[in-house]
Amino acid sequence: MVEAPEQSETGRIEAFSDGVFAIAITLLVLEIKVPQHKIVETVGLVSSLLSLWPSYLAFLTSFASILVMWVNHHRIFSLVARTDHAFFYWNGLLLMLVTFVPFPTALLAEYLIHPQARVAASVYAGIFLAIAIVFNRLWKHAATADRLLAQKADRHEVDAITKQYRFGPGLYLVAFALSFISVWLSVGVCFVLAIYFALRSNA
């Protein structure tokens, strides 16, 4: 007999999610383009590679952010024993946003030193703000819905995660607001937040 979605184990959805995270994080490097021969012949290969620093910066920030998301996503699934339809859809929305990250990453890399850099930075910070909101909603549903958490889930750990994740949307909102004032501050906040949540995930 096939199990109902609300009674199913989390293995399939976690495996699918891992694949999506892996693909999204791999696609980031495709936006770092190999210098064209015409440019190399003019300024040299070293200078051409160094001129790609906006792409390196955008790649590093997005890679760190997606990696930390994946770690925290795994953390959620280590505490969840069952899923329901709402959990499926919140997780699906999260994955949709994650797969979109390579686009604002490429946009930021292309326009980081362009007069339209603030627009690119706002799109970049905006996607992570949206991810933070959905991530919180996914966890809130898992933590409060009846019977989704595993019996072994420690209540103190659940409460600690809830408090930790609660700050995410507000902090990314700061990064989004800063994008209209200073591109560098906005991107810097996004990078620092990736480090912050990486450290907190081990707390």
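Heads up, the Cβ atoms here are built off N, Cα and C, so glycines get one too.
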**Prompt:** Does the record from Swiss-Prot show Leu79 and Arg147 on the same side of the membrane?
**Reply:** yes
**Item:** Range annotated as region 'Short helix H1' - as stated in Swiss-Prot, picked from 1-6, 31-36, 37-42, 163-168
**Value:** 37-42
**Fill in**
Same-chain residues at least 6 positions away from Leu30 (site 'Hydrophobic filter residue 3') with a Cβ under 8 Å from its Cβ, in sequence order, are Pro102
